[in-house]
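Enquirer: Copying in the features that Swiss-Prot gives for the protein in this structure:
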ACT_SITE  Cys671  active site, proton acceptor
BINDING   Cys79, Cys82, Cys87, Cys140  [4Fe-4S] cluster 1 binding site
BINDING   Cys91, Cys130, Cys136, Gln156  [4Fe-4S] cluster 2 binding site
BINDING   Val129, 194-198, 218-226, Arg235, Leu261, 480-489  FAD binding site
BINDING   340-343, 364-365, Arg371, 437-439, 481-487  NADP(+) binding site
BINDING   Ser550, Lys574, Thr575, Lys709, Gly767, Thr793, Gly794, Gly795, Cys816, Ser817  FMN binding site
BINDING   Asn609, Asn668, Leu669, Ser670, Asn736, Thr737  substrate binding site
BINDING   Cys952, Cys955, Cys958, Cys962  [4Fe-4S] cluster 3 binding site
BINDING   Cys985, Cys988, Cys991, Cys995  [4Fe-4S] cluster 4 binding site
DOMAIN    69-100  domain '4Fe-4S ferredoxin-type 1'
DOMAIN    943-975  domain '4Fe-4S ferredoxin-type 2'
DOMAIN    976-1006  domain '4Fe-4S ferredoxin-type 3'
REGION    26-45  region 'Disordered'
Amino acid sequence: MATMLSKELQDIESILALNPRVKSHANVHSTASKKNEKKHWKRNPERSCDSCVNLENNFDDIKHTTLSERGALREALRCLKCADAPCQKSCPTNLDIKSFITSISNKNYYGAAKAILSDNPLGLTCGMVCPTSDLCVGGCNLYASEEGPINIGGLQQFATEVFSKMGIPQIRNPELPTADNMPKSFHTRIALIGCGPASISCASFLARLGYDNITIFEKQKYIGGLSTSEIPQFRLPYEVVQFEIDLMKDLGVKVVLEKGLGQNGLTLTSLKEEGYQVVYIGIGLPQANRDKIFEGLTTEQGFYTSKDFLPLVAKASKIGMCNCRSQLPKLHGNVIVLGAGDTAFDCATSALRCGARRVFVVFRKGFTNIRAVPEEMEAAKEEKCEFLPFLSPHEVIKKNGRVSGLRFCRTEQQDDGTWIVDEEQIVHLKADFIISAFGSMLNDPAVTKALDPIKLNRWGTPEVNSETMQTTEPWVFAGGDIAGFANTTVESVNDGKQASWHIHKYIQSLHGNTISATPRLPLFHCSIDTVDISVEMCGIKFPNPFGLASAPPTTSAAMIRRAFEQGWGFALTKTFGLDKDLVTNVSPRIVRGTTSGHIFGPGQGSFLNIELISEKTAAYWCKSVAELKADFPKNIIIASIMCSYNQADWTELAKMAQESQADALELNLSCPHGMGERGMGLACGQDPELVRNICRWVRKATSIPFFAKLTPNVTNIVDIATAAYEGGADGVTATNTVSGLMALKADATPWPGIGRGARTTYGGVSGNAIRPIALRAVSAIARALPGFPILATGGIDSAESGLQFLHAGASVLQVCSAVQNQDFTVIEDYCLGLKALLYLKSIEELHDWDGQSPPTIRHQKGKPVPHVSELIGKSLPSFGPYLQTKTQALAKYKKDASGDVIMDTGAARVNIPKKPIPNVKDVIARALKHIGAYQELDNTEQVQALVDPEMCINCGKCYMTCNDSGYQAIKFDPETHLPVITDSCTGCTLCLSVCPIIDCIKMVSRTTPYEPKRGLPVNPVC
């Protein structure tokens, strides 16, 4: 029997075994079998303690908040970027969270990092360790939605980590005079004691202000304070602290190690005698609170305070902290951790990594009174730490001179809220080690003496003004734990920030200078900020290439004024006509698109509008243009005008607009709705002859540049652009909106529907959905008319997309829908993003970056994937028994290798440009050499897909699209769900297009000849 061409071959049928099919009946399986089957596919841990993972020597990242680029982009897209954002109000350092998340969503990671570091010099540290659930996340408006709040800490960590990989140093504010030309007051000697978060923050802001004689004295051999010594490596790696210290040192701040308060004669008095006019105390609370029952116990006996234990763990696990590698504390058996704060849970999870078999966290009050943030407690719970509430330590049980247990008394809360210890209720716990984490204090007599002459409070710490951070001596300031206001790293950072302003104010007062009553601290700066993104077109110099299109964002002149104040380089007026052509709009008229699926809120991929031109008169716009040019002489204003096909009208309106002092004109020949019925807009712009004549009329009537705004709703936009060129236009705008019908409801009525009859018309689609059309138009015009100026519009919503249009041949960029999605402040993101994209082109070490995106490392859930396949000899998926095998192999390796990590490393910290930094003009039309006719494409250089099994999450999307939309070239293992590419792969790239993990699938050169499957022999011999 002859083979049927319309039936799959047997080998293809086997490939299709797991391909989805429409369900025709209900299936039946026993409960027992399903309980067993689920274990094979389980990704989350089993609830039983039998599944406990050995964590000894494993200091890999455990934070749930850590994000890959994919995760960061998805999370940033969810953010509403709210007005008067509550998250910002809940941040101690007042981070502009809305702005930095906006930058992340636009792939401008430097812009995000700049926003973060401008308000928080320890932005990466805080992104990793901030108790966000109690701060910014606690105020997120998305708490009122089903999907919950934004992972702000993870986004903050992601952006600053990417910037750290760029290796770009911090610089002084470029607007400051050189150090030699700064006033004498800025050479004041300033000392900071303690190199922890508060001092690093304070010194950074003082250096940004221009002070150049700043020294930090640190008693330890290492920097970073508690960030280094007490926060574990798996929460805060040492290289993060080093990165932030290096940024501070970039500004000239000096750090002196092994010289602390009360050490080697260092006192407040001695510093003053040495010529320091201001001292900032940021030494924390260096001694542990120690309950009386532990008096005399030592680490050799099995007793540690958190101040003993955590630094030992840090020195052994944080490579670079010390010159030599020390050993972890050797724990075993049962460990009791006393306390209910973040430090207690750090001790508990660290104990597991030091060999403890089981850890009990014991605290005096109940779960509802735990001081630790939920993130910390949850991490300990997931690692199978046990919690014992309502217990107060009463007596240490010893055996052979060592700790062998602890006797507790039950605590109870009375009706009046007070707590009592009931000694009749006794609990005995066996323990091999006890770690006390009952807080900290200052009780070193040498330090207390060195603090003289400032007054101390009843706790033995300085009296500090909560607003100025001054002590009782006006030249001495304090912050962080020792000041008594901060309980977290970010609050200590803010103490330093707050003090820096008042130190500045104090120093200037000594020199008779008055400064602003409102604090105004400098922003973070690096060389990226100095990149020139101005561009000249038609003899007009644009401060930057980003401007507002003639659209709803320029409804009024006052809106344009506000846009210029925010930094927009140019703006077009809303299109206006002669008074005889005045219009009145209908409503509703601007609606969200359906091109992004069911996404509600900002981030819409498109809008549809049936809005007409401006309802305001030509006189209004001409007077407004004159006002704006007078107040913003460096900004460019283009008057957008429209008439019917009438030479007298075009002549009159063009002359009127020119006399208003507009820098240029835009001829709107493309409005796709409403105006065409009046013989205007689209009615003029679809005929090359009409376009050519209108341009000739305007050229004859005016002397300033003008640009014809083209419609994409034509067969060949190049013909229209050529007509404009032949008519004397100085350039064109490409493109206006695409004519469309956005949505029909279930009852067949349209949206928008006007009036009782719910009538509509075809409107203009704008936004990202039309970007491919606009890019095609811009590149086609640029190829046909080399050097002809193009103002691009159509889906420009970021610096990255803007650069695409510049590469395609545009000179400047018009924006509308992106502002409708957000607000005028996006201009800061666009400018910084473009500066970064240009700057990074000059750094050879980053040649493998895609814009601001670093190469994707192998990861799962944003965390680097150790090369376990090298340990077990094969790649396995991350679920069920395979995950267990991988976890056990890694645990054994970690234990045997003393915690050395097998994973990719980051880039060097400092990268210096070795090539000239391109300007905007240098990148215009760079992509055109890659665009041409299909016949120019080489069909001998074939590629095929390659799946990275270590990054694959086993969803099978590649498999399904290849089966039902492609070439049945992917096998899908029924047990491991790992896809395998066969030689049948044609390199179509559908699999990569639907893969949810960035770079899990890559297209690589084909190693075997490609032979198309023709179905039947070509010209068979009969």
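Indices start at 1 and increase along the chain as displayed.
In case you wondered, yes, glycine gets a Cβ from its N, Cα and C as well.
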Enquirer: Tell me the Cβ neighbour count for Leu669 (substrate binding site), meaning other Cβ atoms within 10 Å of its Cβ, over all protein chains shown.
Expert: 31
Enquirer: Excluding Cys91, Cys130, Cys136, Gln156, which residues of the same chain place their Cβ within 8 Å of the centroid of the Cβ atoms of the recorded [4Fe-4S] cluster 2 site?
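Expert: For the [4Fe-4S] cluster 2 site the neighbour list reads Cys87, Thr93, Leu95, Ile97, Cys126, Gly127, Thr132, Leu135, Val137, Ile152, Gly153, Val490.
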Enquirer: Counting only residues 6+ away from its ends, which parts of the chain sit with a Cβ under 8 Å from the domain '4Fe-4S ferredoxin-type 3' (976-1006)?
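Expert: Non-local partners: 15, 68-70, 856, 875-877, 882, 941-949, 951-959, 961-962, 965-970, 1012-1013.
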Enquirer: Gly224 (FAD binding site) has how many other Cβ neighbours within 10 Å of its own Cβ?
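Expert: There are 27 of them.
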Enquirer: Please report the three-state DSSP label of Cys87 ([4Fe-4S] cluster 1 binding site).
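Expert: It is helical.
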Enquirer: Given the binding-site residues Cys136, Ala483, Cys958, tell me which ones have a C-alpha lying within 10 Å of the C-alpha of Asn736 (substrate binding site).
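Expert: Near Asn736 (substrate binding site), where near means Cα within 10 Å, there are no binding-site residues at all.
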Enquirer: Report, in whole Å, the straight Cα-to-Cα distance of Asn668 (substrate binding site) from Thr575 (FMN binding site).
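Expert: With the alpha carbons as reference points, the distance is 7 Å.
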Enquirer: Secondary structure at Gly794 (FMN binding site) (DSSP, helix/strand/coil)?
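Expert: Assignment for Gly794 (FMN binding site) reads coil.
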Enquirer: Long-range same-chain neighbours of Cys140 ([4Fe-4S] cluster 1 binding site), Cβ under 8 Å, sequence gap at least 6?
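Expert: Long-range Cβ contacts: Pro86, Cys87, Pro149, Ile150, Ile152.
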Enquirer: Work through the binding-site residues one by one (Cys130, Ser550, Gly767, Cys988) and name whichever has its CA nearest to the CA of Ala483 (FAD binding site).
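Expert: Its closest listed neighbour, by Cα, is Cys130.
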Enquirer: For the binding-site residues listed here (Pro197, Gly439, Gly767, Gly794), which one has the lowest count of neighbouring CB atoms within 10 Å of its own CB?
Expert: Gly439
Enquirer: What mean pLDDT score does the domain '4Fe-4S ferredoxin-type 3' (976-1006) have in the model?
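Expert: On average, pLDDT over the domain '4Fe-4S ferredoxin-type 3' (976-1006) sits at 97.
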Enquirer: Would you list, in sequence order, the residues of this chain other than Cys79, Cys82, Cys87, Cys140 that have their CB within 8 A of the centroid of the site's CB atoms, where the site is the one recorded for [4Fe-4S] cluster 1?
Expert: Leu80, Lys81, Ala85, Pro86, Ile97, Lys98, Ile101, Cys136, Gly139, Asn141, Leu142, Pro149, Ile150, Ile152
